[in-house]
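Taken from TrEMBL, the feature active site, nucleophile applies to CYS63. Residues annotated as glutathione binding site in TrEMBL: TRP96. Per TrEMBL, the feature domain 'GST C-terminal' maps to 171-295. If you look up TrEMBL, you'll see TYR194 marked as active site, proton donor/acceptor. Annotation comment: TrEMBL describes TYR252, TYR295 as site 'Lowers pKa of active site Cys'.
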Amino acid sequence: MTVSPRAASPADFDEFGPYLPKNRAGEVLQRTDPAFRGRITADGSSGYPAEPGRYHLYVAAPCPFSQRSTIVLHLKGLRDAVTISVADPLRDGRGWAFREGQGHGLDEVNGFAFLSEAYQATDPDYDSHVSVPALWDRVTGRIVCNDYRTLSTDLATAFDKFATNEIDLYPEESRAEIDEFHEFLFTRVHDGPYRCGFARNQAEYEREVSRLFEALDQLEERLADRRYLFGDRLTEPDIRFYVTLARFDAVYFTHFKANLRRIADYPRLRVYFRDLYRMPAFRETTDFGQIKNHYFRTHPWLNPTGIVPAGPLLDSLVND
Ligand SMILES: N[C@@H](CCC(=O)N[C@@H](CS)C(=O)NCC(=O)O)C(=O)O
């Protein structure tokens, strides 16, 4: 079946306000467990077998959870096996939407103008976060998974038969250690800048900013004797750390006041970041323009003018 993709009307913050996840009763939602937690497996035992051409991934370029998945697809050579729609980085009160623009576009698979339509199509009573990434299954006509905790790992492990690059991002023998490390990365690093930026008072901010930089200091130390977080091979933790590093100096440092140090000031983290950024899978999925546009324009309570800063120049981070 071919669909005619529809474009959402332009983002309009005066009319629709900023996106705040709310339920129908108008209550603002905190982070909750994701609603759709299907797993993709190589043998299909989960009910969702890995098959080329079956799944469609909804992402947004500024979203670090989304970028985990796009890096994995790129690294594994799965970009023909799993199709992708990239939402507009500007998200007004109506949530993620599809519009033509630099680095993003329409939903060619379902023709949805808003991502909320995919959630409604999956569950007409759906009343929670409309988040990216979300993986759509063409066969059952629903979202299988919007669980940022498992999605990139499933893409990294279940599709090996169709991958054109042989790379094991989640080696069997290190899984327990990697899972534990992912927990640390999420709570202390990935979430850290948001906790600083959205802190409700000085004491909370100060606690969060020191926790975040303690964790970055630990990671700087960890990289003293190794190229990657788990030694000399690239694994999923590197992808999960990279997506934070890529947003750090450009956005988190100013917008979220995560500003004790820049990544460019950490001798090892700087080199580590540049090493990853040189790889096409990392560089080509990193769009600093969309990243800045999203954060600086969609949190009016943090940046009321919506002015997107011109800098920082990221030369020392991305070049030698
Ligand atoms: N909050 C999501 C995790 C992924 C996430 O936070 N994605 C962001 C973009 S980086 C998003 O789409 N947030 C909208 C929302 O959570 O309502 C969830 O609970 O599943």
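Glycine is no exception: its Cβ is also placed from the backbone N, Cα and C atoms.
No curator has checked TrEMBL annotations; they are predicted automatically.
Quick caveat, the model's predicted, so the values are computed rather than measured.
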*Would you list the DSSP helix, strand and coil counts for the residues of the domain 'GST C-terminal' (171-295)?*
95 helix, 2 strand, 28 coil
*So which of the recorded positions TYR194, TYR252, TYR295 sit close to ligand 1, that is, with a CB under 6 Å from an atom of it?*
none
_Count of other CB atoms lying within 10 Å of the CB belonging to the residue listed as 'active site, nucleophile'_ = 25
*Closest of CYS63, TYR194, TYR252, TYR295 to TRP96 (glutathione binding site), Cα positions, recorded positions only*: CYS63
_TYR295 (site 'Lowers pKa of active site Cys') and TYR252 (site 'Lowers pKa of active site Cys'), Cα-Cα, nearest whole angstrom_ = 9
*Roughly how many Å separate the Cα of TYR194 (active site, proton donor/acceptor) from that of TYR295 (site 'Lowers pKa of active site Cys'), to the nearest whole number?*
11
*Do you know the mean pLDDT across the domain 'GST C-terminal' (171-295)?*
97
